[in-house]
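What TrEMBL says about this one:
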- A:Asp131: active site, proton acceptor (ACT_SITE)
- A:Asp330: active site, nucleophile (ACT_SITE)
- A:Asp131, A:Ser132, A:Gly133, A:Gly134, A:Phe135, A:Asp209, A:Gln253, A:Gly280: substrate binding site (BINDING)
- A:Cys368, A:Cys370, A:Cys373, A:His405: Zn(2+) binding site (BINDING)
- A:52-162: domain 'tRNA-guanine(15) transglycosylase-like' (DOMAIN)
- A:187-437: domain 'tRNA-guanine(15) transglycosylase-like' (DOMAIN)
- A:311-317: region 'RNA binding' (REGION)
- A:335-339: region 'RNA binding' (REGION)
Amino acid sequence: MQCSAALARLRPKLIPKALLVPTAAMSTAAEPVRKAMPSALTFDHHAKCSTTKARASTLHLPHGSVPLPIFMPVATQGSLKGLTYDQLRETGCMLCLNNTYHLGLKPGQEVLDAVGGAHKFQGWDRNLLTDSGGFQMVSLLKLATVTEEGVRFLSPHDGSPMYDSLPTSASVLHVGNLSQWLTTLRLLTPEHSISLQNSIGSDIIMQLDDVIATTSPDHARIKEAMDRSVRWLDRCIDAHKYPERQNLFCIIQGGLDLELRKQCCEEMVARDTPGIAIGGLSGGEAKEEFCKVVDTCTGLLPENKPRYVMGVGYPEDIVVAVALGADMFDCVWPTRTARFGNAIVDAGTLNLRHQKYATDFSPIDENCDCVCCRPTNQGGLGVTKAYIHHITAKETVGAHLLTQHNVHYMLKLMGSIRQAIMEDRYPAFLRKFFSNIYAGDKTKYPDWAVGALRGVGMDLLED
Amino acid sequence: MDSEPSPSREMTFSILGSAAPVLAPRVGTLALGGRQTIATPNLVPLTSRGAVPHISHDMVRKETAINSLYVGLEDFIERKHPAPLYNVPATANESPLRKFICAQDDATILLGPRRFPAIACPPNNTETSIAISTSVGFRQLEAHGYIEAIQKLKPDIAIGLADMVLGRPPGLKRRGKMVDRTHAYTRDALEHLYGESVAEKSKAKFFAPVLPLDNTQQSLYLDDLEGEFKDRIAGLALYESASLGYISEALGDLPRLLLSDPSSPHEVLREISLGADLLTVPFLQGCSDAGIALDFAFPVPAAVQARGEPQPLGLDLWSSEHAMDISPLVKGCECYACRNHHRAYFNHLLRAKEMAAWALLQMHNHHVIDRLMAGARDSIQRGTFEEDVKAFHRAYVANLPDRTGEGPRLRGYQMPAAGPHQPRRMPKVYGRLDDLSQKFAESQSSVATPDTDAEGLEKHGFAERI
């Protein structure tokens, strides 16, 4: 891209008015011939559940093969919350996340380029997926404004003396003496986001999308965000330098409006990205709505591409979303909740800080074979609930141990989901799963799950 | 060694090489039944709440040479008696403490009444108890309660109770009291653990405390250690290196655990030169927390010697000079951190406040101290220790690098209680931008239109694209 064009994008005053106030006419209808989208992945479809829409497949990526459906732990800033990458490997993880927004601020693009990408930077030789930074705009920043050019925001890291001495990244714009209080104003455009993700070198990169809370009442704004996400996808495809080694995924937007979601699917599928994500969910919407959106979208997506539902991570949500035809999930919840002393087990989540666990000398999860739960005579550590109770939220080691367990649990859960689909017994798996959580009490089963599964042809309440 | 049946019969401490029984560096091995033999002089890794800080148990086993652990009882007995760890299901020969903290079977566990370094407690010690600090506040640990802990928890080595004054020098009267009380604590402990009338004698090896006082002030107590108590004690626990000079030749064959807080590796070497066998090095974790990778070797490698001027003892990874440096922390280092990561990553992890920074640095720093200890043992056996120490002083600067960056959040049990009207311990991190947010909204227009024209912005590097 030429410098003048980039300048125009960065400076509202210099941008033609039409660009700043997008209209429907600006949408993708009059799009010229699209750039061909090479793919750096192969998607092997193995089995489909004969009742639900669940699928089992294998995703071959540049840094190894990933069995789908899969949960991806989130190593936000290039480190999975205190674990070494050998510990992460031990959980069986083949694909984990980094956040573009965070890596763009620290260490910055310059460092990533100098080191040769995020794999080398963090010493991880398996696959990485990076989000675009769009979600952090709504989740972290009060100060962000979204315009057609990109997202303008004030970095929360600035003003810290630690940060000032870092070489500033050329990808972010630095307005030193704009005013006394505002030290750095940054702008994230689709081009910046892709350029950063190209520097990161992740195996799967995400388009920058215009994310707004699904609970937003402003329908016009939701539509604008959807249309803009489509336009930004085109800019991302244009800006993507390494389609032969990094897979760009589009992100379906459109809030909870199924009509908008359909339009978005149509527009984005036409652009033929190697994979497809369903975004803008897990923002506090009702679970029924969430399921409807996933179900609608997967119905419109091609069979031969991986489908990634962003930000979903409770085991219940995952097992239902798999039944609705989704393949990939990520969430910080399993690792974050571990740091607060919560262990994920078959029966739900245990808050190990509770006093009753102080003298509970059983393993975190009897059925788990992670390094913490395995007894010492099987090469494990023999960690007990009582010990986690003793150190959790007090020693970093407590976080490390429970994070290992939770990540291991999630990956093992995904493994058994996959196995069940391969053996075409996924409905039975679902019944067992919900029975475990609610101790067999069907009256407690959540309506949204029962409803969503009924929608794909299975009755959870049946025996 | 004493071949008579004594409480210490399953522990053998053999001195392999030493110039003199006291005040000289010496090499030995400490062998306990079922545990890895510890070559001395060696490091005793400190634990917090039963864990080596920042290194999870699986990494301790796979990637460190840690084979002993110092555990402070005060970390476990915060709530009502009996504390949970007394109820750990264990067979007659198992140590409930070892099971509770998930320590490996072959690691030697040393139990002391308090964490090390311990923080000063406002309540006073008494004739029958000492003040301790737990994560829920201060309380008293009764002397008989500690004896019971030794009996029930079955550590390999138990360090006797001592009446210590922390944070200030004890007054003249207090010093007398310290000796009297410590004498009484020790006498009672030995009687209850190994006395004639005790049906089931404790298998824990008892290390008797030596107070950080002058020889003359505690001579009565030291005389008894040498005489009446000698058969029942298996080692000595000292709290300052000066005490190494007060050990009589009669006690010379006992292993000496030095619970001290040296300020530099030079001081560690001095402690070794005075005859310490087991040493604590709190600056190891202090450096990890501060983002400092230790960088020294003993005996000094030829390459370092060739550099002429004194080298720094560590590397401050907070420094932005490492932001793009893809070399390991220390060239040629074989630790897990250096094998897998580079300086740029550490610099990033510290800035990002990621726990992995401390975990990896802690592994590296443990490795460096392990090498120092191994180097010291070789050097003593070769008989070149004194010259090697001199060379070390010439090759390296005297002090560790200053701390520049923030460390992990400190817990109440890791730092002294703040008095009234103290500033907050940690700066507030949430909502830093709250008051800016309004100003930002108000001056939106001026933000979008800076006080310069397009040319000015271009000059600023404003619109450059990479």
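Using N, Cα and C of the backbone, Cβ positions are placed for all residues, glycine too.
For the region 'RNA binding' (A:335-339), the model's average pLDDT works out to 96. Looking at A:Cys368 (Zn(2+) binding site) and the residue listed as 'active site, nucleophile', their Cα atoms lie 21 Å from each other. Beyond its flanks by at least six residues, the region 'RNA binding' (A:335-339) meets 73-74, 80-81, 349, 393, 399, 402-403, 405-407 of its own chain at Cβ-Cβ distances under 8 Å. Nearest Cα neighbour of A:Cys373 (Zn(2+) binding site) among the listed recorded positions (A:Asp131, A:Gly134, A:Phe135): A:Asp131. Long-range Cβ contacts of A:His405 (Zn(2+) binding site) within its own chain (separation 6+, distance under 8 Å): A:Ala338, A:Ala343, A:Ile344, A:Ile364, A:Asp365, A:Cys368, A:Cys370, A:Cys372, A:Cys373, A:Val383. Each of the binding-site residues A:Gly133, A:Gly280 was scored by the number of other CB atoms within 10 A of its CB, and the lowest score belongs to A:Gly133. Secondary structure of the region 'RNA binding' (A:311-317) per DSSP (helix as H, G, I; strand as E, B; remaining residues coil): 3 helix, 0 strand, 4 coil. A gap of 10 Å separates the Cα atoms of A:Asp209 (substrate binding site) and the residue listed as 'active site, proton acceptor'. Whole-number maximum of the Cα to Cα distances across the substrate-binding residues A:Asp131, A:Ser132, A:Gly133, A:Gly134, A:Phe135, A:Asp209, A:Gln253, A:Gly280: 15 angstrom. Counting only residues at least six positions away in the same chain, the Cβ atoms of A:Thr100, A:Pro190, A:Ser193, A:Gln197, A:Ile205, A:Met206, A:Gln207, A:Leu208, A:Asp209, A:Cys236, A:Ile251 sit under 8 Å from the Cβ of A:Ser132 (substrate binding site). The CA atom of A:Gln253 (substrate binding site) is located 15 Å away from the CA atom of A:Asp131 (active site, proton acceptor). Sequence-distant neighbours of A:Gly134 (substrate binding site) (same chain, six or more apart, CB under 8 Å from its CB) are A:Val151, A:Ser193, A:Met206, A:Leu208, A:Asp209, A:Asp210, A:Val211, A:Ile251, A:Gly279, listed in sequence order. Looking at A:Gly133 (substrate binding site) and A:Asp330 (active site, nucleophile), their Cα atoms lie 15 Å from each other. According to DSSP, A:Phe135 (substrate binding site) is assigned to a helical segment. Between the CA atoms of A:Asp131 (active site, proton acceptor) and A:Gly280 (substrate binding site) there is a gap of 12 Å. Comparing the recorded positions A:Asp131, A:Asp209, A:Asp330 on other C-beta atoms within 10 angstroms of each C-beta gives the minimum for A:Asp330.
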